[in-house]
Structures are given as structure tokens and as C-alpha cells.
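Asks: Feature table excerpt (TrEMBL):
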{"type": "DOMAIN", "residues": "77-220", "note": "domain 'Glycosyltransferase RgtA/B/C/D-like'"}
{"type": "TRANSMEM", "residues": "20-36", "note": "transmembrane segment"}
{"type": "TRANSMEM", "residues": "88-113", "note": "transmembrane segment"}
{"type": "TRANSMEM", "residues": "125-141", "note": "transmembrane segment"}
{"type": "TRANSMEM", "residues": "171-202", "note": "transmembrane segment"}
{"type": "TRANSMEM", "residues": "209-226", "note": "transmembrane segment"}
{"type": "TRANSMEM", "residues": "279-305", "note": "transmembrane segment"}
{"type": "TRANSMEM", "residues": "312-331", "note": "transmembrane segment"}
{"type": "TRANSMEM", "residues": "337-357", "note": "transmembrane segment"}
{"type": "TRANSMEM", "residues": "364-382", "note": "transmembrane segment"}
Amino acid sequence: MCARKRVVIIATSCIQKNWLLILFLFAYVVLSLMFFNPRLFTGGDNASYIILAESIVSGKGYRDIHLPDEPPHTKYPFGFPLLLSLPMFLFGSNYIMLKFFVLVTGVGSIFFLHKIGEMLLGKEVMLLMPLYLSLPVLLAYNSRILSEVPFICVSLGAIYFFMKAQDGGALFYYISFVFAGYAFLTRTAGISLVAAMMLFLLRKRQYKYFVVFLIVFGFMVVPWFIRNARIPHERSYIEELVAKDPYQPLLGRASIIDFALRVWRNICFYSTKVIPKTMLFVITSEIALLFAGLGLLVFIAIGFVRRLQKVTVIELYFVFTVCILLLWPDVWSSDRFLLPIVWVLSVYVIVSVCWLAKKIKLAVLSYVLIATVAMLNAYIIGINAKQMFTIRERFIAGDRYAGYRDDWRHYFHVIEAVKSYVPKDKVVMARKPEFVYVVAGNKSFRYPFTEDRKTVKQAIQQSDYIIIDRFYELGASTEHYLMPALLETPYELIYRTEEPVFALVRVIR
């Protein structure tokens, strides 16, 4: 038999054996491309990740190169920017290619989820995958340069290899340890996965692998902490966690009562808004969201309890992650913090639905319920995909800011004015400085969040130009902190937009 024929036979056998997985991967890619958003996400994190990747590629190390003094960066671990540096090295600062790279990591997450689903659910994986793939929020994040989707990929990889190691094979343990360490370096919240794996090893009295994991994890992350300890840096995640309000540091640390209220607000927010909106995006009514949320919580709770009959590392990971979610400052609570465990919620929903169908002896019920949810979500996917197609058409035609809200369009228009009128060696003060650097290439920094006018004036004197914003959601801070000091400083108007008015001014010295 010739080599070509053997390859064909092997490939055919592989396709026949994994046709369902291939189908789900293909569906994921198609849906992601339908949902593909060419615009920069307006969260400052994605601009920061682009900047950090550029810093790595440029050979400057891990620095905030958008700031005038280019200080070492200490807040976000280097895992995701390091991954981004690969497509940036190949394609330059083309953020569309960075978005496609995020999508590729999403493909990896679907592969690992299908494998885990087969381990947990057997043939019911045919219910899990359509449910998960139909979630619009997952598809929306596939084209955002954020760490959520890569983190899901790496964390699922860690869990898959960790579970595979339970059937024997030390090599799979070692691979899972590396994946878990990198999950932490991708998102600090990955500590919940690390803790879950360590506790599971202790519970199973696998002390040898526990020690090996400690060594591997320490080898991967301790240098990061040592490096940061030697550098004066902004507030850490722990400091933000214990702050009463991370946006108002002068309020001090949160008390026990503050933490209790924060947990309660997060419970209400996630259970009655984020979870039902994530699983059933078609729902818009507040009352409907409330009842859908309570119903989903019941299904999730049943699924969780059922899974406790045979505890895996997933249950521990779920509990630790939920604890972090509930303790996290509620001013930041959003679907992006829930996204890394949405697949776990989906597993628990499938477990509970299948249990209910078996309980009432109506096997078809599970398929009807999941198919209904998937079709309702598919309806929303179709609507959003049509809107995104229009945005992509306008984007390709030259409207780079198609689909943005008026305030963000005006902000980007002002940054384009910076690009046109301001020399590259001039420093710009702005509410969202990362975008100034990414779009215009100028060094930029944010004004101090303080009511001390002297401090703000000193910051103004360190800048050459200032962007005055009227963000619908963020503008209050500019009015409150910047404007009182700026009105006492001579400046010249360079450019302004229509309402809502955004302006570029030059500081006169």
C-alpha cells in the first residue's frame, strides 16, 4: 500500500471517528465569523493588551510604552500579551489579525470542552455543545482582544489533561500543571483553578504530584512576583478587592458590612441579570429575567448536587471561582467575569435536564428543552449577525468607527485629530490614554483621580495636549476631577466635535 493511500485511510478513519467534534468546530468557526466585530472593544483592557504585546515585540520588555516614562507593567500578568506577540510579530500592529488569533484560541476551547463533555456526560455531549455554541455572549467575545477566550482555552486544557491523568499517565499531570500555571499568567483569577487542582490532589492523597505541581507553579509565577516586588507599581488586585470603591481610593478599605453588601449585590446581579441574559439572550423584560434567573439557578444547583456524587476538579474550580465573583467589587461586575465558567453552568444545566427527563420517564424532554433554548439564541445570533454584517460593510468602506455610540465615535474622532495635528513627541492627557497611543501613536496618560487641584494642575503641566470628553458613562470623572483645574489653566482649542462635545486643547505655558 502506497504512502498516499495510507494517509487517506488514516484521515478518513479519523474523520469518521471524530465527525461530531469536527462538526461542532466547524459550526463554531462559522458562527464566530458571522459575529466577527472588526472594531476595537471600548474597554481599556484590550488596548492595554495590544500595547503590552507591542512592548514585547519591540524588545523593550514588559512595559507600559504608552506612558511618557514607559514604566514596567505590573498589573496584568504577561500570559496573554505574550501570546499576542506571536501574531503581532508576524503581522505587525494589525489588530484584526489579533482578533483572529483570539478566535483560534476559541477553537481550542471548543476542542477541549467536547473532550471533557465526553468524559462527564457521554452521549449527552450532543446536548452540551449546541447549548454552549448558541450563547451569543461567547461569540461576541471571540473577536475582542481580551484574555477571557484564551483563558477558557488554557483552563479547559488544564482540566482536560488533569482529568485524563486520573486514568493513568504521569505525563498528563505534568502537561496539566503547565496549562494551569499559564492560566494563572493569563488571568490572575486562574488562581481558583490552581487551588482546585491542588486541593483535589490532596484529597486524593496524591502528594507526589501535589509537590510537583507546587514546584512547576512556583517556577512559572514566582519570578513574576519577585520582579513586581522590586518595582513601584499601581494598586494590586488584592488592594482593589479590599477597597470600598476602586474608583474612589480615598474612601478607604471595605468593612465586613461592605463585603456582605457587595456579596448580596453580586448575587442579585448575576442571578437575575447576567446568568439569564447569558443563557437566554432573547429575554429583555426585567420580570422575565428574574424568573428565568431563578429557574436557571435551580437547574444549576441540581446539576451541581448531582455532580457531587462523583466530585471532580471542576466542582472545586466552580466553587472557588464563584467565591471570587461574589467578593469582587460590584462596580466591575459583568458577563466577562462569568464567561470563564459559563461552560460549567452549561454542564450543570445538561446534567439537571437529563436527570429531570429520566425522573419523569420522558427522554425526549431534554432534547426538546435544549433545542428550544438553542433556537431562541440562534434567533438572536441571526439578528446580531445581520447588524454585524452591516458594520463590517461600513468598516471595509472606510468608516473605521461604524457602530460605535456617539460619545465613542467622537472620542475616536478627536484621537484622529491628534494623529493629524499633534507631533508624535507631544504628550496627551486623556480619560482613556491607551486608545490615544493605539490609534495616534502619541504618549498619553490619565489625569489624577483627586479633588486636589494642585495635583491635577501639576499633571496638566506635564502634558502638551488634553482631550476633554463627555462620555455618557465616564464623563462625570472628567467634569469632577479635571475641569476645575483645567479652567484655571491657559489653553487653546484645537478641535471639537458636535454634541456630545469632545475637544482637543493645547496647554499654553
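Cβ atoms here come from the backbone N, Cα and C positions, even for glycine.
Worth saying up front: this structure is predicted, and the values here are computed from it rather than measured.
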Asks: Between the transmembrane segment (171-202) and the transmembrane segment (312-331), are there three or more CB pairs that fall under 8 A, provided the residues in each pair are separated by 6 or more in sequence?
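Replies: The transmembrane segment (171-202) and the transmembrane segment (312-331): touching, yes.
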Asks: Is the number of Cβ-Cβ pairs under 8 Å between the transmembrane segment (209-226) and the transmembrane segment (279-305) three or more, considering only pairs separated by 6 or more positions?
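Replies: Contact criterion not met.
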Asks: Restricting to the same chain and to residues at least six past its boundaries, which positions have a Cβ under 8 Å from a Cβ of the transmembrane segment (279-305)?
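Replies: Counting only partners 6 or more residues beyond its ends, the transmembrane segment (279-305) has Cβ contacts under 8 Å with 135-137, 271-273, 315, 318, 345-353, 355-356, 373, 376-377, 379-380.
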Asks: Test of understanding: applying the rule of at least three C-beta pairs under 8 Å (pairs 6 or more apart in sequence), is the transmembrane segment (125-141) touching the transmembrane segment (364-382)?
Replies: yes
Asks: Which bits of the chain, at least 6 residues beyond where the transmembrane segment (125-141) starts or stops, bring a Cβ under 8 A of a Cβ in it?
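Replies: Same-chain contacts beyond the ends: 20, 24, 27-28, 31-32, 34-35, 37, 106, 110, 113-114, 117-118, 148-149, 277-279, 281, 335-336, 339, 342-343, 346-347, 349-350, 353-354, 366-367, 370-371, 373-374, 377-378, 380-381, 384.
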Asks: When secondary structure is assigned with DSSP, how many helix, strand and coil residues does the domain 'Glycosyltransferase RgtA/B/C/D-like' (77-220) contain?
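Replies: So the domain 'Glycosyltransferase RgtA/B/C/D-like' (77-220) is made up of 123 helix, 0 strand, 21 coil.
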Asks: For the transmembrane segment (20-36), give me same-chain residues lying six or more residues beyond its boundaries with a C-beta closer than 8 angstroms to one of its C-beta atoms, as numbers and ranges.
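Replies: Sequence-remote neighbours of the transmembrane segment (20-36) are 99, 103, 106-107, 110-111, 114, 125-126, 129, 133, 136, 139-140, 142-143, 381, 384-385, 388-389, 392.
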Asks: Restricting to the domain 'Glycosyltransferase RgtA/B/C/D-like' (77-220), report the mean pLDDT as a whole number.
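Replies: That region's mean pLDDT is 94.
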